[in-house]
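Here is what Swiss-Prot records for this protein:
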type	residues	note
TRANSIT	1-43	transit peptide
REGION	47-67	region 'Disordered'
COMPBIAS	50-61	compositional bias 'Pro residues'
BINDING	Glu118	thiamine diphosphate binding site
DISULFID	Cys138-Cys284	disulfide bond
BINDING	Arg220, 326-347, 369-388	FAD binding site
REGION	461-541	region 'Thiamine pyrophosphate binding'
BINDING	Asp512, Asn539	Mg(2+) binding site
Amino acid sequence: MATTAAAAAAALSAAATAKTGRKNHQRHHVLPARGRVGAAAVRCSAVSPVTPPSPAPPATPLRPWGPAEPRKGADILVEALERCGVSDVFAYPGGASMEIHQALTRSPVITNHLFRHEQGEAFAASGYARASGRVGVCVATSGPGATNLVSALADALLDSVPMVAITGQVPRRMIGTDAFQETPIVEVTRSITKHNYLVLDVEDIPRVIQEAFFLASSGRPGPVLVDIPKDIQQQMAVPVWDTSMNLPGYIARLPKPPATELLEQVLRLVGESRRPILYVGGGCSASGDELRWFVELTGIPVTTTLMGLGNFPSDDPLSLRMLGMHGTVYANYAVDKADLLLAFGVRFDDRVTGKIEAFASRAKIVHIDIDPAEIGKNKQPHVSICADVKLALQGLNALLQQSTTKTSSDFSAWHNELDQQKREFPLGYKTFGEEIPPQYAIQVLDELTKGEAIIATGVGQHQMWAAQYYTYKRPRQWLSSAGLGAMGFGLPAAAGASVANPGVTVVDIDGDGSFLMNIQELALIRIENLPVKVMVLNNQHLGMVVQWEDRFYKANRAHTYLGNPECESEIYPDFVTIAKGFNIPAVRVTKKSEVRAAIKKMLETPGPYLLDIIVPHQEHVLPMIPSGGAFKDMILDGDGRTVY
């Protein structure tokens, strides 16, 4: 991962031309597209990147030292980030991280995006990583700044998101003295990170950063935290860039390419099956092309988890869309009736399986995953392969193409059976006059963007409707807190995705409860003029909890109304007025007939925009398999207007 000094110097020199002269290193314009990992940029609206004026050359060099001259530890840290390919960080300053921010102002490469809360910046780093495949980097000060990262780190661990979080710490001599803003963040985050470091020697910084990025992005991706005391940041040293990583045990345990014999065994099971199903998760986010080719060669229908949305196109005839608690009837039917379950890049999460004993009870199970800890953890497979799913699919496809026999079994009867389920049990909802069904609003958004926008969500009913009613066509198009279920994720994640995909329309489909948790990040999308559209499905309630109250608690309301109890007829808080306070255009709609024109205007307006859509709180997300239930327990109708 380390580059030669000459190559690094050349890269930094080229990048410096683009960055030199930016004040405070914050972008105040829509950025021109640059190379990235992932799908090609798609513009869903009239928004076009604005090319900034050419900056004047600096009066003095940003870094007035030579390669062999000493510099502060904070500058070594920033140079190490540059050598790992970092161009964007999400950092909020404080006393213990000031040196890092000062060093960032001397970087010719890295831009800082100043979110207004550390949780917001960390969710933005997650959105950046999810939407690009690159490592997201966030920086916070010690104490409360560091602890504000906790939810985002836990979220990244559960959803396998590559992140590096860097925290300032009190000076080494003060550690353990309960100094001002001292928190043992390494201990706090030990169980919610893939690995973490406390740097006690300035000379370790190049190696530690190199290792942190390797750990975050290799194997099963995840978050890594690096805690750096302030005196280490201030200490002068000459960096040694050719230091090798010291991870012998970890590297030795990384999965190897799958054995041909195991892949042949999988294909034999495919050949023997009559009702196979592919169960695809977030572990396939880097192997969309290989997955589509495998499906083309075999004709096996595909269902995805919440994390797997987009890894196989939702509009493909062989797509069964999402399975699980709020998955389609036909996806859950297919898993229940299947004789072979190919589980690729999944972890048999409880929201997918329900009653684990009843899940795929008729099927032989093949589980391929890069994390050995997931194999057999929840459901025992008949065949297991611990490997990168991308390599496994490449191997399977090669074997299928080499075969002299017919590569595609005749699953036509199975296809017809599932097509009948699709016709009999489509996703649907009821309409009540001019009330706006939230599902309808998402369908209109899908139609007007042609299913090409990047979608971020908060957590709740709106999240499930966005999963059900938007058409995801490619990996990294869907961004949501799946494992942790962290409200407040949507807006900052959308902003991070926009940074990673300049000029591309990103829509945060949010609920009023989730949106309010990180509403302050409207400031960032306005200041940087990011084309982030916020579409709030506002029912004045904590909708998913209300749904459970309706179904399982005799509709007894227990602190789930989020409006003003003294005047329930008003919309409270007034998101339109709040957005305008951030200088963001905003509109509220209350009638179904207004929705299409309002969404069209939102998409056509350059820069950020907020659309507040008032929806009924009685709507339920359906289908629904109750927690711990099985396919036979699926609920297909009813809402909050019904007495149970």
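Note: Cβ is positioned from N, Cα and C throughout, glycine not excepted.
Taking each Cβ in turn and tallying the other Cβ atoms within 10 Å, the top scorer among the recorded positions Cys138, Cys284, Ile370 is Cys138.
As a summary of secondary structure, the region 'Thiamine pyrophosphate binding' (461-541) carries 35 helix, 16 strand, 30 coil according to DSSP. Using Cα positions, the member of the binding-site residues Lys337, Ala343, Gly376, Asn539 nearest to Cys284 (disulfide bond) is identified as Ala343.
Under the DSSP three-state reduction, Gly376 (FAD binding site) is assigned to coil, being neither helix nor strand. Cβ neighbour count for Arg220 (FAD binding site): 20 (other Cβ atoms within 10 Å of its Cβ, all protein chains included).
Take the Cα of Ala343 (FAD binding site) and measure to each of the recorded positions Glu118, Cys138, Asp512, Asn539: the nearest one is Cys138. Note: Asn539 (Mg(2+) binding site) has non-local neighbours Pro438, Gln461, Gly511, Asp512, Ile614, Val615, Pro616, His617, Glu619, i.e. same-chain residues 6+ apart with C-beta under 8 A of its own C-beta.
Taking each Cβ in turn and tallying the other Cβ atoms within 10 Å, the top scorer among the binding-site residues Ala331, Ala343 is Ala343.
Following the DSSP three-state reduction, the secondary structure of Asp388 (FAD binding site) is coil. Classification of Cys284 (disulfide bond) by DSSP places it within a helix.
Of the binding-site residues Asp388, Asp512, Asp512 has the largest number of other Cβ atoms within 10 Å of its own Cβ. Counting Cβ atoms from all protein chains shown, Gly376 (FAD binding site) has 13 others lying within 10 Å of its own Cβ. Relative to Cys138 (disulfide bond), the binding-site residues with Cα atoms inside 10 Å are Glu118, the candidates having been Glu118, Lys337, Gly376, His382, Asp388. The two recorded residues, Glu118 (thiamine diphosphate binding site) and Asp388 (FAD binding site), have Cα atoms 33 Å apart.
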